[in-house]
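Trainee: Input: one structure, supplied below.
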């Protein structure tokens, strides 16, 4: 039989019987041989060890000590235990199993929430608790808000008569697709060497500039809804970035082809193809970086697309509900944050921060996860890294590299590394990338508002000193929490609500002065 939990210093074993203590060393037939099992515990074998009354415990499973787990594959020598010349089948008697003298504490262990072990534990249960508490708290707040103010969503929330006047913006959005066709014709003539390189560059600059200026002029001329103007400017910026990538990539491929033509080796054949099919796929694909081919998935999962589309509609409705029911009343009942009482302005910003954060998270989930994945699935687009774990960003710099991967890859490919190749210092190259991003953000917000106060531009450029500050704090304290908390505080709690209040009151002041 096998007995576990025997101390290594003990060469003889004793057992408790009904009449007292019996020394096993008195009988040579009860010689005990120690053996270390596969689980690391001391075991002894005896040809005939028995006990009467208490002290002998027979179990139908292999023993495991308190605090230790069995892997289900423990075996004794020979796979069986000899007991009087016979194999014990099905049951294995144990001695000293779970005894009061058996050691309970065997290893040095950390508490699960200690700093050394917290990141090695699964926190799925705590995450579920946070979700349940979040749903419960916000459900109570929603019910309380509905009981106090009623349903504030207007009848024309989804569609209003003013939207009928936005048909020039729709026509502008459709006519923008003629610009990629023009860029294709330019590249085709450049490939056939019917046009000089200087003329190609000038034409591409003209085409990309028209992609931005044309929608701006249409929005400023038409009295359109703010949402329609934002959508058109987003489409215009996407088309502009795609056309820049298309022109830049083809220019680079032409330069490589010309350099390879000068190399007189058999393996130096390099050519590129200007394909209209590749351009069409690129213009609708969820990427901003042009290349001749992309990784593709084998098929389309229609059921998955349907489920994602239902989620998209649901979260879009939730986002609209939060805007109409919470954000609009808070903004309308506030004062200009730079012209009123400081404490009142801080209170309004903090009150607006929570619903604004919910809307921003819903927007991220709807666009970057749902919509881009739906589009990628329909087009069999394989590379679906549209974002990384930006919520774990330790610095502002990390956040900008992870939260919007299509724009980040475009910036690195067409702004950052071209600047470095032309001898521009790294810091200046980063500043240029932020400058381009700030201009695009200002266009997407200021043009639909018909107001150029440069709040969005200043907000993006303010990220540059925050990048330096959070990098310094990260290097000084070597802690991931300091920079992460600063990111959430400056970007989501203070920055976005402040911009919302500033733009709203400036728009209202402009409209009141126009009357």
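Placement of Cβ uses the backbone N, Cα and C atoms for every residue, glycine included.
Please treat TrEMBL annotations as automatic predictions, because they have not gone through curation.
Straight out of TrEMBL:
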ACT_SITE  441  active site
REGION    52-103  region 'Disordered'
TRANSMEM  124-143  transmembrane segment
TRANSMEM  167-186  transmembrane segment
TRANSMEM  198-220  transmembrane segment
TRANSMEM  226-244  transmembrane segment
TRANSMEM  357-381  transmembrane segment
TRANSMEM  428-448  transmembrane segment
TRANSMEM  454-473  transmembrane segment
TRANSMEM  485-505  transmembrane segment
Trainee: Tally every other Cβ atom lying within 10 Å of the Cβ atom of residue 441 (active site).
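Mentor: Around residue 441 (active site), other Cβ atoms within 10 Å: 18.
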Trainee: By a Cβ-Cβ criterion of under 8 Å, what residues six or more beyond either terminus of the transmembrane segment (428-448) are in contact with it?
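Mentor: Those are 212, 215-216, 219-220, 224, 226-230, 232-234, 237, 407, 411, 415-416, 419-420, 454-457, 459-461, 463-464, 467, 499, 503, in sequence order.
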Trainee: Where, among 124-143, 167-186, 198-220, 357-381, do we find the most CB pairs under 8 A to the transmembrane segment (226-244)?
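Mentor: By Cβ pairs under 8 Å, 198-220 leads among 124-143, 167-186, 198-220, 357-381.
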